[in-house]
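Taken verbatim from TrEMBL:
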- 300-329: compositional bias 'Basic and acidic residues' (COMPBIAS)
- 18-141: domain 'Ig-like' (DOMAIN)
- 149-243: domain 'Ig-like' (DOMAIN)
- 284-329: region 'Disordered' (REGION)
- 1-22: signal peptide (SIGNAL)
- 251-275: transmembrane segment (TRANSMEM)
Amino acid sequence: MKTTLSVWLCLLAAVTAPLSDATTGHFSVSVPSEPISVWLGDAVVLPCTVTPSMDARDLELRWYRPQKFNMPLLHYKEHQLQTSSLDPRYRDRVSLEHGTEALARGNLSLRLRNITAADPGEYVCYVSSDQWYEKGQVSLHLNNLVGSPLVLSVQPSNGDRGGAQPQVNVTCVSEGWFPKPTLTWRDSKGTEVKDQQGVYYSTDAQGLVSVTGWLLYSPSDSEWLSCSVSLSQGDSREGRVLTHIHAPSGWMAAFISLLVLILLSAIIIITVLLVRSRRRGRKESKGNAVRSAEGDVSPEEMKELMAKDMDTEVQKRDLEDMRKKAGKI
Ligand SMILES: *[C@@H]1O[C@H](CO)[C@@H](O)[C@H](O)[C@H]1NC(C)=O
Ligand SMILES: *[C@@H]1O[C@H](CO)[C@@H](O)[C@H](O)[C@H]1NC(C)=O
Ligand SMILES: *[C@@H]1O[C@H](CO)[C@@H](O)[C@H](O)[C@H]1NC(C)=O
């Protein structure tokens with residue numbers, strides 16, 4: 001309907017060329033040809049102006065997603081913003097960038113806030129008068145987001161039945177991606193590992209994607225594994241993890257706890273023994289002191305004591321001799 005009407009109007013405009021100018025309501029809509037880029041969660045302005053510059057307050061204005069003409073994001077008609085039949089996904093997130101006053105200057109730019117993962121794509125700026133309508137399409141592009149550094153961990157596999165080839169469950173976690181990334185495991189030779197694995201994705205309210213990948217693996221097959229999370233456009237993160245478990249598992253854990261127990265009890269026993277023997281030692285030395293005071297001295301000790309006394313005797317005699325000699329001089 002509208003298309004045939006506009007064709008007719010075009011023909012009419014061509015035929016009556018000398019009559020059609022701005023005053024007859026013949027206008028066009030000007031929008032950027034390049035896509036507008038924005039980050040998730042940010043706000044963005046989708047520019048749209050009527051040319052030649054004219055007062056658009058008497059016109060009808062619609063901003064809508066393709067195929068959603070009857071459920072626009074924003075609808076201005078009969079000199080006011082309409083509130084019915086609007087797209088609920090954009091409720092409270094859209095406004096005219098310069099308010100309705102800017103319509104007087106022909107500026108119909110739309111501000112879109114709190115960009116979500118569902119927002120990228122085409123937006124139509126549609127302007128209509130009684131005799132004419134025109135529309136322009138603005139492309140909104142969402143920038144890629146590279147998520148957090150990878151967190152890698154190795155755990156003994158739950159399904160490990162203690163076979164000849166014990167397996168580990170290696171996990172790789174990262175959050176904050178847009179759009180949804182892919183997760184790839186590689187061994188130390190760079191070969192992609194595809195068996196026995198799983199990937200979980202979760203998306204938050206804004207559309208940011210978190211990824212968790214796990215892989216069952218035999219440590220003997222490769223000393224380490226690499227996990228890489230990447231976007232199709234090439235942005236990626238990579239991390240490596242050793243496949244050997246440092247934390248002991250199963251009977252090893254039991255064995256080590258037993259060892260620790262034995263060691264602990266040994267330490268306790270030794271400490272108790274040491275404390276006791278030290279106490280006894282102190283009592284014994286006290287006993288010695290008492291014995292010597294009582295004159296209860298062993299023959300050896302007696303000899304030693306006497307030797308010391310004799311020494312002093314000798315020294316005394318020598319001194320006396322020297323004095324005597326000195327006196328003679
Ligand atoms: C209309 O508003 C947009 C967004 O603020 C601005 O970039 C543009 O220059 C304005 N155009 C006119 C003709 O006022
Ligand atoms: C937009 O985001 C801000 C904070 O980021 C929040 O306070 C506000 O409620 C959001 N608005 C809508 C309509 O979601
Ligand atoms: C490996 O670990 C992940 C995360 O802890 C878990 O979701 C998955 O089920 C485990 N796989 C196996 C086979 O145990």
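Using the three backbone atoms N, Cα and C, a Cβ is placed for every residue, glycine included.
Residues in the domain 'Ig-like' (18-141) partition by DSSP class (helix H, G, I; strand E, B; coil) as 12 helix, 47 strand, 65 coil. Regional average pLDDT for the domain 'Ig-like' (18-141) in the model is 90. DSSP assignment over the domain 'Ig-like' (149-243) gives 3 helix, 55 strand, 37 coil.
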